[in-house]
Amino acid sequence: MALLSHNTALYNTRESCRYGTNPIPVTALYNEDSRKNINQKLSNNLPTRRSDFFHPQEPSTLNRTNRVVRQNSSWTSQRWSEPKLYDSMLSVGWNACILPSINSMTYVDTWHSPFGQSSSLPNLTAVKAPHPYSSFIWNETKQSFGFVYQPNILANKAQLHFGADMNAEYFAGNWKMQPVLSTSRVPDYKTHLEAASRLAGTTSTMNKVEEELRLAINTCPQNPYDRAILASVCYQLGFYSLAVEQYCLATELQPSFADAYNNMGNAWKALQRTTEASRCYEAALAWNERHPHALNNLGNIYRDKGDLDHAAALYSKCLQVCPTLAAAHCNLGGICREKHLLKEAVLHFLTALTYDPHLAAAANGLGVTYRELNQNDEALKAFSLAASLQPYAAEHFANLGNTLKDLGRLEESVKCHRTAIHLAPHLEDAFSQLAHSMAMLCDWTDRNEILKTIRSYLDRILQLYRTTCIQLLRNVFDGNLKMNIKVRPECDDFQSSKVVYNIVGGLLYGCEEQQLLSSVISASNKETIDMLAMQLVQNLLQLPLPSVQPFHCLIYPVTNEQFRLLGSVYAARAAANVAFCKVPKLEWIEPQLNYFGGGRLKVGYVSSDFQNHPYGHLTQSIYGFHRSGKSVECFCYSLSPSDGSHYRKKIENEAEHFRDISHLTVHEAASIIANDGIHILINANGYTKGAKTEIFALRPAPVQVAFMGFAGSLGASYIEYMISDIVASPPEFVPECHTEVMLYHPHTYFVSDHKQSSPREPRIISKSNSGISGEIILTRESYGLPKSVYEGGDCTVLFANFNQLYKLDPSTLNIWCNILKRVPGSKIWLLRFPPAAEARLLAQVSKRHISTDRIIFTDVAPKEEHIARCGLADIFLDTPVCNAHTTATDALWSGLPVVTGPTVRLASRVAASVLHAAGLDELIARDMNEYQDIAIYLAYNYEKRLAIRKYLIENRDRLPLFDTLRWTRNLEALFWQAWFHKFHNLPDRIVYGQDVYSSASPNWPLSNCSQFLKHARNEGFRIC
């Protein structure tokens, strides 16, 4: 029911956060606090030698830099008390200087810092990341000192943006600005490096670049720092193998060169050799256990492996060493988000942006976290910042487009997604989100090509997940076969065996694959199962989630197998996310159905929609009805905070137990559910916005059931049951469409609350009845709708559909237009849902040679008003691909006939289910031709429409569709049947519920569409 818009584009921030591999802009920050702090820091750390400008200093040589300032101590104390330093830095453009290539060879709070060992740079007092190739210089023109970087490793490229190339030289106790050194003084290898860099920026082939690099290698001195410089350039130009070779030489020349080991690890990582990269980072830490970049990068390795705890520990240690390292804050924020510690994640991302306002990855991570917190306005700001910082990064525009879509700004969303695709044509998420935004706008440009591409994306990723799991299982099976291992039934008790079942159970189908899984579990020892579980988790977490979301697929023409497997992939990913988390041992008492105060069945509903939401509207009374019964003890677990609506207050007050778990982690939430001793746990979200499937992957209850929220199979091995009915999920379609055991409600699985919440809606009366006192007059005229011919107007029939317009497709519009052509004078009433789709839909209608004045749009109305005005229409035309669900019950409650044409999947059969429960099977068409025939027959037969309307209005309180108490009692009986089925290990795929709450149900004489049309023809009516 709710659009799943969780951040499908969760982009890795780690690579872009690794300082030490790529140069980044440096900005001098200017504020009052910074000015005060820098005056305190500038004490005794000015370099005194020309060589200090180019090479990092050993700790033992640092004290030699003190004498200059001590000789001029009185002068310095006077000059640094003035604010001219920052003014001069900004005025001469020092904020535009660039870090040198080898910028990873320093970090903020150690001896490399120009501010000394004790410096922690609070509030980023000077620049983003101090560097050894830097110095304080004295600008005679401005009569002030400044902090300056040499922008390039080559001496003749020290551009300080004074209007001419200048360099810093130390003369007689003062720093002076001097012209750049001549090229003749530049070492030969640097000349070749400069040539390679220049060629890389042109259309020259990489062979010429490599040739220059090899000349540089041949002429480079046997000096560790020169070799490190050379390696850094090789890395930046994409020659990672050459970079590794040169870093190896640097470490041979100076075995304690921790920075070189760290950078060599980055080069190995770029070559996708994570084992070698890990060893390099460990070597760097062996020489310097407080090396922050090595700690951060090693944390990245463990995070890639799925070992979040180890990675988080390394990031935390990194921040103890260097609290101002924005990259580590950003990475730790990502860990917190993956662990659903969203508030902590926000704090880390904000801290990262405080220390580095230009870190786009932190802005992107912050936006993703805000979206998960449903704070889309804040997410929009964060993604906008990320896109402005990295306008070439497609993922930022994709995330920005997703957020704009959630905010209803669909046209802007389409533009962002198109920008993302232009930047990265193969970015599947942007393409899938673009397709959904276009569907919501009724923009069907290149629709067939788009859907074809989406199906190809889906097929590829689904097969990748299945192949990965099956291959791992076969490897273990073959190993057991070679070792001749027999069955080990005790392995079923292991935690890892549950992990394996949770992950792969829904992805396997067919007897052969299921037997493979059973054989592996039963014939493997504990160590083997542990290894298999770990490999499954690692492999699946490294695979991307499908770019197409299950909720979006409700309107896409994918195969039933693809749709079912898509749910299984999402379920497997949720299981992998929490694979090795544990919840308290399940402590539940065997329930005894006893009407004299004995044990009851504990049933828990988990949903994010206990609020002003269609699910909250429809189910608001059932929790109180559970409480008044004697067989079920009801628990409600809310995944969202209160929205203050009367729906939320009613549910909170009437449910026997109501718990807000929105602020808890999935592990904490599952623990609370387990401690409550729940017998049956209901997943009322499915794959919709706000869902936390990971709670169910932790199995906090012995029986777990899917219900209402998502019109399709969840494909999760840990959610064994699904509540449906014989019309919504016919037995012949169950094997093809569902992985769950079906629990058939005796009438319809789709509950409604109209009998309680809309008992006295305003009557719809004609204008001639306006004299009746105390009644609210709702007329077509009041909504700008055309008068019917019976009221003196020109509209023969007013068709209607109140769905969101994304459910409409070209084929359905063709059918509607054909009906309009065959019923002259008829019109159709639609909602501006969304408003931006109106113009496009009218253009599509015009292409089909229908006058646009026959399509009438009105705004979306509040719930009560919407239900009251539904009856102003004559016939409701359903959307066959994805039916009217809540809106179908609204229409029937108001006496409006609904015509539907179900197909195979559940989402296309809900309207048929509610019509069946209303006793109106005659309005369920077997195909689209019959769909048109029924609509046209009703359009021409005014008496028949009135008869259906009278039947609905007079009998709705007794119809199974609207008798909520009866529906609830039948559901409670079905819960007991499910419990019995589970603990007696019954093989049935379908459990048929019984109508245990008898009430007089009206009989409608025509039971199905065929009889209805036969009756119409017998009356001599000709279908036009």
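Using N, Cα and C of the backbone, Cβ positions are placed for all residues, glycine too.
Please treat TrEMBL annotations as automatic predictions, because they have not gone through curation.
According to TrEMBL, the features are:
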- 258-291: repeat 'TPR' (REPEAT)
- 292-325: repeat 'TPR' (REPEAT)
- 360-393: repeat 'TPR' (REPEAT)
- 394-427: repeat 'TPR' (REPEAT)
- 535-758: domain 'O-GlcNAc transferase C-terminal' (DOMAIN)
- 775-971: domain 'O-GlcNAc transferase C-terminal' (DOMAIN)
Three-state composition of the repeat 'TPR' (360-393), taking helix and strand from DSSP: 27 helix, 0 strand, 7 coil
Reported mean pLDDT - the repeat 'TPR' (258-291): 96
Residues of the repeat 'TPR' (292-325) by DSSP state, where helix covers H, G and I: 27 helix, 0 strand, 7 coil
Secondary structure content of the repeat 'TPR' (258-291), with strand meaning DSSP E or B: 27 helix, 0 strand, 7 coil
